[in-house]
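The structure appears right after this line, and notes come after that.
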Amino acid sequence: MKFPGQRKSKHYFPVESRDPLTNELNPVIRPKHTHVTGIDQTLVDIEAHVDEAFIQRHSLIKGNSMLIDDAAAHALYSELQQHDLVTAEFAGGTIGNTLHNYSTLADDRSVMFGVMSRNLQIGSYAYRYLCNTSSRVDLNHLQPVDGSIGRCFTLISDCGERTFAISKGSMDKLRAEFIDEELVKSGSALVLTAYLMRAGGDPITQAAMKAIGFAKEANVPVVLTLGTRFLIEQDPQFWRDFIAEHVTVLAMNEEEAEALTGQKDPLLACESALDLCDLILCTAGASGLYTAGWTDDEFKRETSHPLLPGAIGEFNEFEFSRPMRRDFCSDAFKVYSHIAPFMGGPEKISNTNGAGDGALAALLHDMSANDYHRLNLPASSKHRYSGLCYSSFAQICKYANRVSYEVLAQHSPRLSRGLPDREDSLEEAYWER
Ligand SMILES: Nc1ncnc2c1ncn2[C@@H]1O[C@H](COP(=O)(O)OP(=O)(O)O)[C@@H](O)[C@H]1O
Ligand SMILES: Nc1nc2c(ncn2[C@@H]2O[C@H](COP(=O)(O)O)[C@@H](O)[C@H]2O)c(=O)[nH]1
C-alpha cells in the first residue's frame, strides 16, 4: 500500500524495512493487506469527436449517458466508421475506471465483480478490456457470459462535454451468486454506481443489492457514485431513500447534487445530502471540489487556512478534522472543505471523461489506507476514535484534486501510472500548505 497523497514527514505506514532501533519494539514484519471491492457493467469506451448535429441525429442528449438498442448502435457505429471518427478505444465503466485508478494509486488490490465474454478473440473489445486494466485489479471473480461486453460510445463535443450512448451487450447479466461474500465483507469499501439500478430487469441490480447486504452486515462502507444527473432527476426521492438506507459515502458532481437535493450551490447540496449519508465527495468542474462529512465535537481540528466565505459562512473552519461515521460520533457536526483545481487545471482539456472517477479513486485510497494502518498498528493514537479515512477533509481534497488533474492531463479516464513521487513544479508547495 502506497501512502495516499504526499506529506512532508516520513514513516507514515508500517513497512517491511523500518528503523532498526524500533523494530524490536514493534515486530510487525509482514504487513497485513486490505482491498476494496466494486461492481460494474463491463464496458469499453469508444471515443469519437462529433458535432452537435451528430448528437441530435442519433436522438442523444448532450452530457447524458443513454442506453441504445442494437439498431441504433449499428447506425451510430456505421456513421463513426464511415467518417473515420473513432479516436480511441479503451476500457471504461465508471467503477472499472475507479478500481483501476485505485489500484494504480495505492499499488494494491481491488476486486471487480462483473461479466466477461467466455470466448475471447485477440483484439476483441473484451480482450482490450483485460489488457487495459491494472494487474492489481483482481478479475478472477468475473462471471463468464456467452455474449459480448458492453460498448460505451463516448462522444466528445467541441466544448469538451462528453455524451455517452451505451450498447449493453451482456454487461447487465451479472448474477448474485458471483458476488463473493467473504471478499465483500473483508474489504475496506464496496463501490457501486447508480447506473446498476437501471438494468431493466437484468440481474446485475439484484447482484448489487446482495453485495450491499453483505457490506452492511460487516459494517463495510458502501460507496455510491451517481453517474449522471439525468438518471437522478427522473426520481430524486427514490435516490434520497436509497442513499439514506444503504449508502455511507456519496460521490457526485454539482449537477447530480442539484438533481438529488434541489440545491444549486454545491455547499448547500452537500449540507442537505449529509442528512442521508456519512461522507460526500462533490466535484464541481472548473470550480474544483468539495468534501463534506461528520466529525465528533471532541475530535474536531481547526484549519490553519484562511476561512472561506460561501453559502455557509466560514464553512472550512474545521476542515483539518478527520471524517467519521455520524453514528460513531457522540456529538456529531457537519464539516466542509473545498479546493480549487490543481494549478488551475491543465493548459488544455480535450475532454473531462473520468475526472470525477479519478477523484473518487483517491478518496477510496485514503479510506483503505486507514484500514491498512488500523490492521497493522491498532494501538496507534490515530485509532483512539473510529475514523472513516486516514486523512483530514482538507488533505483528501488535495489528493482527489491532484488525481483529477492527472486524469485530465492524460486525456484518458484510466491512469497509466501513479502520481509522481516528487512534484517537479513549483507546486510541490501544494502538498505542504
Ligand atoms: N475545466 C476544468 N478546469 C480545471 N479543472 C477541472 C475542470 N473540469 C474538471 N476539473 C477537475 O476535475 C475534477 C472533476 O471534474 P468534474 O467535471 O466535476 O467531474 P465529473 O467527471 O464527475 O463530472 C474537478 O473537481 C476539478 O478538480
Ligand atoms: N458502468 C457504467 N459506466 C458508464 C455508463 N455510462 C458512462 N459510463 C462510464 O463513465 C465513465 C466516465 O465517467 P465520468 O462521469 O467521470 O466522466 C466512462 O469511462 C464511461 O465508460 C453506464 O451506463 N454504466
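The first residue you see is number 1, and the count goes up from there.
For all residues, glycine too, the Cβ spot is worked out from N, Cα and C.
Per TrEMBL, the features are as follows:
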- ASP40, GLN41, THR42, LEU43, VAL44, ASP45, GLY93, THR94, ILE95, GLY96, ASN97, ARG198: GMP binding site (BINDING)
- THR283, ALA284, GLY285, ALA286, SER287, GLY288, GLY356, ASN401: ATP binding site (BINDING)
- 134-293: domain 'Carbohydrate kinase PfkB' (DOMAIN)
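Following the DSSP three-state reduction, the secondary structure of THR42 (GMP binding site) is coil. Using a 10 Å Cβ-Cβ cutoff, ILE95 (GMP binding site) registers 28 neighbours. Between the farthest pair of Cα atoms in the ATP binding residues (THR283, ALA284, GLY285, ALA286, SER287, GLY288, GLY356, ASN401), the distance is 13 Å.
Every protein chain considered, the tally of other Cβ atoms within 10 Å of the Cβ of ASP40 (GMP binding site) stands at 27. Shown are the binding-site residues GLY93, GLY285, GLY288, GLY356; of these, the residue with the fewest other Cβ atoms within 10 Å is GLY285.
Along the domain 'Carbohydrate kinase PfkB' (134-293), the predicted structure has mean pLDDT 97. The DSSP secondary structure for GLY93 (GMP binding site) is coil.
Counted within 10 Å of its Cβ, the other Cβ atoms near VAL44 (GMP binding site) come to 26, all protein chains included. GLY356 (ATP binding site) and ASN97 (GMP binding site) are 10 Å apart (CA-CA, integer value). If you compare Cα positions, GLY356 (ATP binding site) sits closest to ILE95 out of the binding-site residues ASP40, THR42, VAL44, ILE95. Checking the binding-site residues ASN97, ALA284, GLY356 against ligand 2, the ones with a C-beta less than 6 Å from an atom of that molecule are ASN97, GLY356. Residues THR283, ALA284, GLY285, ALA286, SER287, GLY288, GLY356, ASN401 make up the record's ATP site, and a Cβ search at 8 Å around their centroid adds ASN253, GLU254, LEU289, PRO341, ALA355, SER404 from the same chain. Around THR283 (ATP binding site), taking its Cβ as the centre, 27 other Cβ atoms fall within 10 Å, counting all chains. Within the set of binding-site residues (THR42, ASN97, SER287, ASN401), the lowest number of other Cβ atoms found within 10 Å of a Cβ is recorded at SER287.
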